[in-house]
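Only one structure is covered here, and it is reproduced in the block below.
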């Protein structure tokens, strides 16, 4: 798994280039990287193999291919899965000329637009991304790494107020390696660059073998680079540690402690309800000897004849519950794989690949959950429910995704999903997910439905007038605050990883936060469901789903807050992409948390009403 921000959106294409010409021989090819990439040993004089990603920007979120700008081009562009390289291991190179290009008005405009949008060039050597080391101002001993180098910058000459554009045409590469003393071979453990903007001067007429003398010439840009090799004590197995080092892990622990306090508070509430109020109420209710005494009772016990009354719109609830089960299984298994280290940061795109495959494979559980619940509501058309479960959520997400992809395509960005990939996604949906949902639906409907612990009255009970704080909308919105509060600090780091092109590999923290989210959703729904039943309001089915599911609303509002306070996106298309993707994420979060709350309330109501002695 690559923990960079664009790993979720834009890691589909990689470019294979000769290392000598990595500023020119760039062209995307589709690759798939298997987990657990084996280390590669290099001897002195071996060629190094370089891959290049795209031009990326945190201001536009629209990646472009390298050739969208008029960089140096080779005589022949090779589209191949092979890596060709002319970097020579442990043989430094100084001021090596790559090529020369002439700048006209059109070329200058293209470069200026990309510099204004802060585009970066991303490269990879031996599965390590190219980074620019930056010293922290607050801690001189610490170094942070910027993924990729900026195409150029805007600045001023000393004593001149006129702002000019400068292109980074000279790259000083540093390749760090760890030497095995026994075999003498070396392994790459670091790939860094320091970009410069230099005006080159050369002797005589220009040719490919021209020797540079100084750096002054007009109306042309000469691209060059240096290569330095540094021996390092860092072993190959630990080479990602410096990239993934989180200097602010105390914030993550603060997030965990903050979430645990919420969990402890809710756990205390649930314990008080279960061990004191319910135990006392059930014992007292079961000891009543006359019907008159029973009629004098108020609260949750009086609605036992209506609490399991089937819904009029139960179909939609069954579909969403089934979809939520599918999501829960996908997220839980993905988290476990990530915590165990199966989703390596060197496996670019591994996270998205794993989630897609797990999503389609969990379809069988979605079909089972939806039709089994549907049968409990006395439904008979299980095929209709299974079909809705297989198509409703994916269809909504696919339409949004297709519109967003059309916007990316309209911008001529290389981040647009090609039709071949779209076809593969549709095949996964129709060829694997849908059949599995149908199979699961068949099995779920054939299994005997759970019987209600109490009988349902033929005539619905009238619900008394509710207090203002028990208003459905108010209680639902209140219920979503605590689950969101348990995850919002970690959410900041996830959004930063996705949209600001930074590493995120804190899956241990994320797994703890996910478990806390499950507990928080379950407990807040149980507490509010109990208060609702005590008010003699027995319509808890949908409210239990919406109570914890409303946390998705706060997630989307926080995403909007993050957009206006942390991001510098100004283009309309880029803003639409951001809010479109966050809408999909919020919708998925709603389905996930809503299902957790529903099943918690479902188990809670069955538990307390099965304890009553009803004639």
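From the backbone N, Cα and C atoms, a Cβ is placed for every residue, glycine too.
Whatever TrEMBL says is automated annotation, not expert-curated.
Features as listed in TrEMBL:
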| type | residues | note |
| --- | --- | --- |
| SIGNAL | 1-31 | signal peptide |
| TRANSMEM | 251-275 | transmembrane segment |
| TRANSMEM | 317-343 | transmembrane segment |
| TRANSMEM | 349-369 | transmembrane segment |
| TRANSMEM | 390-410 | transmembrane segment |
| TRANSMEM | 422-445 | transmembrane segment |
| TRANSMEM | 466-499 | transmembrane segment |
| TRANSMEM | 505-533 | transmembrane segment |
| TRANSMEM | 545-564 | transmembrane segment |
| TRANSMEM | 576-609 | transmembrane segment |
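Listed stretches 349-369, 390-410, 505-533 were compared with the transmembrane segment (317-343); the greatest number of C-beta pairs under 8 angstroms is found for 349-369.
The stretch in closest packing with the transmembrane segment (251-275), judged by the count of Cβ pairs under 8 Å and taken from 349-369, 390-410, 422-445, 466-499, 505-533, is 505-533. Stretch with the most C-beta contacts under 8 angstroms to the transmembrane segment (545-564), considering only 349-369, 422-445, 466-499, 505-533: 466-499. The transmembrane segment (466-499) shares more Cβ pairs under 8 Å with 505-533 than with any other stretch in the list 349-369, 422-445, 505-533.
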